[in-house]
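Here the structure is laid out as structure tokens; the discussion comes afterwards.
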Amino acid sequence: EAGEECDCGSPGNPCCDAATCKLRQGAQCAEGLCCDQCRFMKKGTVCRIARGDDMDDYCNGISAGCPRNPF
């Protein structure tokens, strides 16, 4: 929702302050295929394994989402 940096529905999330819906100090992310222990995973880390004729998808190092490869 507007103004929220993370999903504050789970008070047990170590990356997100459940009272403010903001990332805790030092956290880059709270969830996502490219988020590990509140930090973005390194660029080039496989986040989605290829299926069929598709290719693997990789983290970009600057977001928690797993961008789809353009091929």
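Along the chain as shown, the residues are counted starting at 1.
Heads up, the Cβ atoms here are built off N, Cα and C, so glycines get one too.
Features reported for this protein in Swiss-Prot:
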- 1-71: domain 'Disintegrin' (DOMAIN)
- C6-C21: disulfide bond (DISULFID)
- C8-C16: disulfide bond (DISULFID)
- C15-C38: disulfide bond (DISULFID)
- C29-C35: disulfide bond (DISULFID)
- C34-C59: disulfide bond (DISULFID)
- C47-C66: disulfide bond (DISULFID)
So which disulfide-bonded residues are near C8 (disulfide bond), with CA atoms within 10 Å, out of C21, C29, C35, C38, C47, C66?
C21
Could you tell me which three-state DSSP class C59 (disulfide bond) falls into?
coil
Helix, strand, coil residue numbers for the domain 'Disintegrin' (1-71) per DSSP?
0 helix, 13 strand, 58 coil
Would you count the other C-beta atoms found within 10 angstroms of the C-beta of C47 (disulfide bond) for me?
18
Looking only at the disulfide-bonded residues C38, C47, C59, C6 (disulfide bond) has its closest CA neighbour at C38
Please compare the disulfide-bonded residues C29, C34 by how many other CB atoms fall within 10 Å of each one's CB, and tell me which has the fewest.
C29
Rounded inter-Cα distance in Å - C34 (disulfide bond), C66 (disulfide bond)
6
